[in-house]
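What follows is a single structure, written as structure tokens, with notes after it.
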């Protein structure tokens, strides 16, 4: 047997040769790593000395040549180059030679890995984690920062009960289930920490009953985007809040004016302005007087011009001012909207159009009356007044414009929209009850001469009022049978209305708490952003100094945990701890290559 020390091109290495077979060797790789079996993070079987190595030692002990002395110093590992880093796999799993890759790929797939979650250890296979390579546990580079070489495991200081659901996500191939003893916000934080992705988060929210938030598109043009934010989102800026305040004041003034103009004293003044009294006509001169023949000075009472009188009405002036603002706001929002089709289909925009439409019809009708012969026929005037009353009634819908600036009205609208099925059931149950009890009370009161129910349709009103527990008292049963029917009608109405009400209340609570949670999260994000900016200004200089002194600070610098970033602080000790972890990793690899049980021998 012959033993010799053979120098290598890329670094010194010791090779034992005996009996024509190559013995154990320790070769320094170009990257400064030892070419050894993949062991980091794996729960492998205990190592046994290879037969070749045992034979070599036995031959050396039986009188062969003594082993050459160990080198005094091991060559220092150099930093990996950019080309090596591109093809580098999981450093915690060692390296695999190209000719051994096909044979070892299957074994690596079934290798076991230990994961320590705040002291609770989980054991799984690499193939299970590799199903989702974009996640924290599935990506070898991402999970390396949490590897502990001394314990040969990955350590995460996270919530332990939540990891049952996280590990089940890998084992089940993508099914995410929240443990019953973990709250929603905690499990959502764990999903974000382990980087399971937006798709997993959306599925989790849908399974938990969350309604998907609709994305709000913005115009592409910068000017249109700014205008759209000012008029559509009052919370976006200070100018948007000012515009919202002006809009709310105009809406309130319009509604107050709509109500005050119906008071008797104001209505009488408006009638005087619209139709002032005609002064008495002088008597006609006698026939033949002043040498003139008989003539008629006037054919009837004259009507004063209406246009100046109408424009002098203060209610008309206030209404015109409000409509000018509403029209300006509608046109600006239509100009800046991201989609004209979506804008036209929006129910709130339809309400805005309906709110200003009656004014122009009323103004056109009054201007038409000023034309000669415009108001000659009384029948046409009566028809015009009836149409104007109906059109003016539409102005009351302006109150719904407040929902654009009120979160409470928006929550109420979303609640009614989500409870349409329950409201439909309520109306259907009331319809059945009205038919049954109106028919019953009619036949129960049919023989009584003083009955208030002349027909079944006439009893519909009584049934509706009784089932809704209002009871005006204008129609009431008199006989004993009619009173029994009325009692049953009232009881049935209470039960019918009470059944769908809890569902509607539950929907209201859901939307209310969701809105308050969004406001709290927005405030929290704003505070965190301020703290992050302040901490970045305070610790920027210190971080540069520490990185210049620590040799491995460049590696440990970008590996700050998301928790520390979320808190807005980055302890300086983390650079030193990660540098020490990398040194321990290389020391462990050298000790394993030399088959020595003590790392201090290095």
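Cβ from N, Cα, C; glycine included.
Record features, source Swiss-Prot:
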type     : residues : note
CARBOHYD : 290      : N-linked glycosylation site
LIPID    : 337      : S-palmitoyl cysteine
REGION   : 1-107    : region 'Disordered'
REGION   : 274-297  : region 'Disordered'
TOPO_DOM : 1-238    : topological domain 'Cytoplasmic'
TOPO_DOM : 261-314  : topological domain 'Extracellular'
TOPO_DOM : 337-347  : topological domain 'Cytoplasmic'
TOPO_DOM : 369-384  : topological domain 'Extracellular'
TOPO_DOM : 406-420  : topological domain 'Cytoplasmic'
TOPO_DOM : 443-456  : topological domain 'Extracellular'
TOPO_DOM : 477-483  : topological domain 'Extracellular'
TOPO_DOM : 513-602  : topological domain 'Cytoplasmic'
Report task. Quickly jot the same-chain residues contacting the topological domain 'Extracellular' (477-483) by Cβ under 8 Å, restricted to those at least six beyond its ends, or write none. Result -> 441, 444-445, 447-448, 450-453
Requested in this report: Restricting to the same chain and to sequence separations of six or more, state which residues have a Cβ under 8 Å from that of the residue listed as 'S-palmitoyl cysteine'.
Outcome: 219, 228, 343
Query raised in the report: Sequence-remote contacts (6 or more beyond its ends) of the topological domain 'Cytoplasmic' (337-347), Cβ cut-off under 8 Å?
Result: 217-220, 224, 228
Report summary line: Counting only residues at least 6 beyond its ends, the same-chain positions whose CB falls under 8 A of a CB in the topological domain 'Cytoplasmic' (406-420) are 400, 500, 503-504, 507-508, 511-512, 515
Query raised in the report: Which residues, given as numbers and ranges, are at least 6 beyond the ends of the topological domain 'Extracellular' (443-456) yet have a Cβ under 8 Å from it?
Result: 462, 474-479, 481-482, 484-485
